[in-house]
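Record features, source TrEMBL:
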ACT_SITE  B:D7  active site
ACT_SITE  B:E68  active site
ACT_SITE  B:D141  active site
BINDING   B:D7, B:D141  Mg(2+) 1 binding site
BINDING   B:E68  Mg(2+) 2 binding site
Number of protein chains: 2
Amino acid sequence: MRVLGIDPGLTRCGVGVVDGSVGRPLTMVHVGVYRTPADLDIAKRLHQLEQAVEAGILEHRPDVVAVERVFSQHNVRTVMGTAQASGIAMVVAARHGIPVQLHTPSEVKAAVTGSGRADKAQVTQMVTRLLRLTSAPTPADAADALALAICHIWRGGAQTRLQAAVEAQSLRTSGTASR
Amino acid sequence: MRVLGIDPGLTRCGVGVVDGSVGRPLTMVHVGVYRTPADLDIAKRLHQLEQAVEAGILEHRPDVVAVERVFSQHNVRTVMGTAQASGIAMVVAARHGIPVQLHTPSEVKAAVTGSGRADKAQVTQMVTRLLRLTSAPTPADAADALALAICHIWRGGAQTRLQAAVEAQSLRTSGTASR
């Protein structure tokens with residue numbers, strides 16, 4: 001399974017592509033950060049981000065896109081841009097028919113370090129070790145995106161299948177999805 | 001000037017298209033609501049919304065898209081979906097090269113009623129009167145979208161031109177927009 005992890009953001013959007021399956025070694029395929037200029041208006045920043053995510057999906061052809069779930073409790077100044085960036089990531093995936101799964105920061109931390117309250121340094125250290133990298137991925141957003149992909153590989157598969165089954169059932173019951 | 005006003009939301013996204021200019025009568029071209037099913041996963045809801053906004057832009061060819069600015073202080077349970085929906089509206093507009101302008105709810109209320117603290121009934125009443133409609137637009141999201149478009153026609157033009165000038169200056173200064 002190939003997973004594209006996305007740590008959404010307008011200023012820095014971390015992306016990491018990992019191949020793997022439960023019980024098998026993981027392989028890092030790609031890691032990077034998409035940036036958009038802070039002095040551009042938000043619609044144009046979102047459009048640049050859309051184009052970058054689109055290019056990433058076309059290049060790496062992931063089976064699943066794993067996106068960090070954004071909470072409104074976080075930094076109030078930046079949360080709107082983060083939420084909008086996550087919406088863009090999701091819609092690009094959906095447009096390509098690729099399933100999207102959201103994971104909370106604590107699910108991601110728990111998956112890679114064993115503790116939902118691990119700090120950024122621990123997450124980066126474990127990501128580096130699990131992917132057998134010779135140096136830690138930087139910046140933190142890039143490491144977080146890889147951690148998201150790993151989290152999905154280890155715990156997300158069952159969730160995705162369950163969700164697809166629930167939706168299929170729901171569509172059968174309601175006839176068609178109305179707008 | 002033709003303005004597409006969008007009151008973003010996942011469950012109900014109000015849209016209203018108004019033709020007009022400062023000091024001239026306003027004409028309603030279209031009003032409606034896009035809905036997405038609550039039992040569908042969020043990525044697919046955003047994708048349905050994207051397709052609806054895309055179709056609306058292609059049908060009505062607005063000169064500007066005016067979107068309600070989302071604040072994180074609002075209803076915490078729904079604000080993430082609203083922020084993501086607003087991001088989708090903005091990115092579709094940007095993709096078509098249409099300028100996007102955000103207006104706060106109090107700017108919109110002040111523009112159409114004279115008071116930034118007007119209630120929904122007052123806004124609906126003024127929208128009905130200003131557009132010379134025989135009955136009030138429903139639901140409230142649809143009236144809000146029309147109010148956004150009117151707000152933009154009356155106060156947004158100068159802002160859009162200022163913003164374009166600032167960006168053009170900024171691009172000249174920095175050479176190219178780096179990602």
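Quick reminder: no glycine exception, Cβ is built from N, Cα and C everywhere.
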| query | Per DSSP, B:D141 (active site) is which: helix, strand or coil? | reply | helix
| task | Specify the count of other C-beta atoms within 10 Å of the C-beta of B:D7 (active site). | result | 29
| message | Please report the Cα separation of B:D7 (active site) and B:E68 (active site) in Å, rounded to an integer. | response | 6
| note | For the active-site residues listed (B:E68, B:D141), most other Cβ atoms within 10 Å of the Cβ sits at B:E68
| field | Length of the line joining the Cα atoms of B:E68 (active site) and B:D141 (active site), in Å | value | 11
